[in-house]
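What follows is a set of notes on a single structure, which appears directly below.
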């Protein structure tokens, strides 16, 4: 990428003297999905940098057994949860390689169908999202079907294109939910296969958290990094559109401030918390591999399809909101 120019800006942000008459974040439901995807398709060639965030219903399951490494455990935790849960929001923010956003629109927040009566979730996650302004009644009534979104996304020019760069923050779960929607099958049994598929659909991607930790030894969350850089958030925290827009602005700021306008290619296609190899075996409370679900109120997990490759032995745990007896957990994503 080229260095960010001096005119870096996002339209209508409502801060630093920029007009706020038009919101930069466009809500997308089933009723306007085709219209908004058409707009994105008309812009992607000129604005081929896509910053992305998702909101999902928490973490409700963990694998038990023997694992090749801690990274293997982290991936199996991700896999068990993504295969069992439904996405709630996806946020996408477009810009060009200098960080300029389109005038027509710059950020889209896709809202997916979700039913609090039928779909599984972690209660504390839903409570947080509700406090952040997510309208679950509307999600139930006019939310987007993931398959409909995926069909349009595959043909949009955003994925399967080496010319498009994806920017994320602690993005293992984000990409996993997108891949699940596009492939319509459970995630691969092994991380190596997941990574191969990831690089087909998203051949060029940067994870800001990986970059900050690897180069600057900074493991702060998205909001804390924004505060350090004095970047103002637009929209509510813990909503995908706002987080995607903030991700975009942080990326171009750190690229300019710390990397002289060009990030080392070694940072490309690395996911924070996943991917390093190791031969040591990791144990987690059981000699028999299985998936352990939290004992949640309301909806309960359905057995994983046999072709998923995930062990389908389910065990109830206590109703406590954490896995106190778990040796490892996927690093919590802090925003």
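Each Cβ is built from the backbone N, Cα and C atoms, and glycine gets one as well.
Here is what Swiss-Prot says about this protein:
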BINDING   53, 55, 243  Zn(2+) binding site
BINDING   53, 55, 174, 243  Mg(2+) binding site
REGION    292-325  region 'Disordered'
MOD_RES   302  phosphoserine
MOD_RES   304  phosphothreonine
COMPBIAS  305-325  compositional bias 'Polar residues'
MOD_RES   306  phosphoserine
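Features recorded in Swiss-Prot, as mapped to the structure shown.
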| residue | record | DSSP class |
| --- | --- | --- |
| 53 | Zn(2+) binding site | strand |
| 174 | Mg(2+) binding site | helix |
| 243 | Zn(2+) binding site | helix |
### Message
Spatial neighbours of residue 174 (Mg(2+) binding site) among the binding-site residues 53, 55, 243, defined as Cα within 10 A: which are they?
### Response
53, 55
## Note on the structure
residue 53 (Zn(2+) binding site) has its Cβ surrounded, within 10 angstroms, by a count of other Cβ atoms equal to 30
### Message
Excluding near sequence neighbours, so keeping only residues 6 or more apart in the same chain, what lies with its CB under 8 A of residue 55 (Zn(2+) binding site)?
### Response
87, 88, 89, 129, 134, 238, 239, 240
### Query
For the binding-site residues listed here, 174, 243, which shows the highest count of neighbouring CB atoms within 10 A?
243
